[in-house]
Amino acid sequence: MDKMNYDIVVVGGRIAGSISSLFASKNGANVLMIEKRQEIGTPVQCAEGTTLGTFETLEMKPSQKYICSNIEGANVHAPDGRVVRVKNETTKGYILERKIFDKELAIKSAKAGTDIMVKTIVKDLIIDNGKVCGVVANHLGETIEIKADVVIAADGVESTIARKAGLKTTKNTKDICSCAQYELVGLDVDPEFLEFYFGEKTAPGGYGWIFPKGEGIANVGLGVRGSAETAYHYLKKFTSKFDATPVELNVGGVPLSGPVKKTFTDGLIVVGDAAGQVDPVTGGGIHSTASCSRIAGEVTAEAVKKGDTNSKFLKRYDDLCRSKLGKSLELSLKYRKIADKLTDNDMNSLAEFLEYSDFNSISKISALKFLGKHPNLLKLLKDIL
Ligand SMILES: Cc1cc2nc3c(=O)[nH]c(=O)nc-3n(C[C@H](O)[C@H](O)[C@H](O)COP(=O)(O)OP(=O)(O)OC[C@H]3O[C@@H](n4cnc5c(N)ncnc54)[C@H](O)[C@@H]3O)c2cc1C
């Protein structure tokens with residue numbers, strides 16, 4: 001059996017893994033990142049939209065290598081076909097080519113000093129006296145024991161690694177949004193606007209989307225929760241109206257339950273989808289994962305430097321993530337729970353009210369006047385007004 005030694009081992013080589021390892025290496029740690037797939041960034045399980053803030057967090061200038069389009073705002077389609085346009089400073093963003101973006105992050109991390117192993121699966125943790133102190137991995141049939149002061153579990157929504165250390169990261173299936181998406185070619189869509197579609201018939205418990213990648217190409221997908229039919233069933237129905245052809249089909253789950261209660265233990269922390277660091281309303285995880293993964297890399301590098309990788313020190317990671325994102329993710333979870341109770345009629349009424357309003361300057365008085373005529377909505381929304 002081969003044996004290795006690192007300060008930090010990162011399990012998973014996509015957004016959470018590459019960003020954690022990048023910032024850990026930048027801060028002087030000796031880091032190994034392990035990815036079970038043969039290539040970083042594939043298969044894509046993402047609609048590839050992200051905010052300008054992602055790049056500020058990463059201190060990276062967005063590159064034309066992986067930016068497909070610049071986004072100004074979104075058109076929100078109610079079940080009855082009404083459209084509400086949202087456009088302001090916060091709705092600006094990008095559609096990425098994640099196959100290139102994810103690999104670029106891994107390359108950046110490698111250039112900062114991270115060693116990377118691909119086609120290598122982490123099978124187990126090495127735990128000594130209750131403290132995680134490495135992993136057991138398998139590369140093409142060969143078992144490798146890798147000792148480390150800290151393990152970062154960045155292994156995605158189906159994460160098993162943090163659970164092996166006793167953290168409760170299992171997500172309730174009712175909080176997982178099942179998604180299916182085609183990359184379609186031949187679509188006539190506005191390249192600067194995202195399209196969102198709501199309604200029981202389109203995407204029960206979720207929404208449909210069109211994210212334009214430019215030149216008539218777009219990610220067209222949807223997510224569903226608690227439905228008898230699969231996301232793919234709804235996707236086929238949703239896309240049957242387009243005269244366009246797919247070049248890719250992606251499926252995947254998004255955890256919409258908010259961050260897990262505890263993200264650290266002796267010698268291990270958990271980041272990204274594995275830690276539920278996803279916006280529960282939009283299902284967007286790139287932006288929040290980038291923030292938390294940067295913190296993960298910085299805190300674990302500091303822990304190694306100080307020679308203190310016990311849970312008391314690693315709690316700092318949990319504290320910093322919660323102070324940066326905790327409130328907004330909590331609020332978003334509250335909104336999601338309200339949205340879960342909205343009927344198609346409620347959504348149509350809301351769209352009717354918002355259709356001709358200037359979204360950025362709706363007064364409390366006009367909102368209350370509208371809600372006065374819709375007692376069901378008032379009951380649902382009163383807590384957030
Ligand atoms: C259909 C869909 C659309 C989405 N659209 C958007 C969007 O438009 N914008 C947005 O911000 N977010 C979106 N998201 C969410 C976003 O993709 C995720 O939040 C983000 O990719 C999470 O990154 P991650 O690195 O935590 O996890 P993952 O991307 O799941 O990466 C985990 C990695 O760990 C590897 N791995 C797992 N187990 C092991 C092991 N034992 N050993 C070694 N490697 C292992 C996996 O192979 C994988 O590469 C979408 C998600 C889905 C499913």
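Heads up, the Cβ atoms here are built off N, Cα and C, so glycines get one too.
The following features are taken from TrEMBL:
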type	residues	note
BINDING	Ala16, Glu35, Cys46, Ala47, Gly49, Arg98, Val122, Asp273, Gly285, Ile286	FAD binding site
DOMAIN	108-159	domain 'FAD-dependent oxidoreductase 2 FAD-binding'
DOMAIN	175-242	domain 'Digeranylgeranylglycerophospholipid reductase catalytic'
Seminar exercise, completed: If you tally other C-beta atoms within 10 angstroms for each of the binding-site residues Ala16, Val122, the top scorer is Ala16
Seminar exercise, completed: For the domain 'FAD-dependent oxidoreductase 2 FAD-binding' (108-159), the DSSP residue counts stand at 4 helix, 33 strand, 15 coil
Exercise. If you draw a 10 Å sphere around the Cβ of Gly49 (FAD binding site), how many other Cβ atoms fall inside it, taking every protein chain shown into account?
Worked result: 21
For this session: State the three-class DSSP label for Gly49 (FAD binding site), counting H, G and I as helix, E and B as strand, and everything else as coil.
Result: strand
Exercise. Among all the protein chains here, how many other CB atoms are within 10 A of the CB of Cys46 (FAD binding site)?
Worked result: 26
Exercise. Mean pLDDT over the domain 'FAD-dependent oxidoreductase 2 FAD-binding' (108-159): what is the value?
Worked result: 97
Exercise. Per DSSP, to which secondary structure element type does Ala16 (FAD binding site) belong, with helix, strand and coil as the options?
Worked result: helix
Problem set entry | Cβ-Cβ distance under 8 Å to Gly285 (FAD binding site), same chain, at least six residues away | Ile15, Val254, Gly272, Asp273, Gln277, Val278, Asp279
For this session: With DSSP as the reference, give the number of residues of the domain 'Digeranylgeranylglycerophospholipid reductase catalytic' (175-242) in helix, strand and coil.
Result: 10 helix, 30 strand, 28 coil
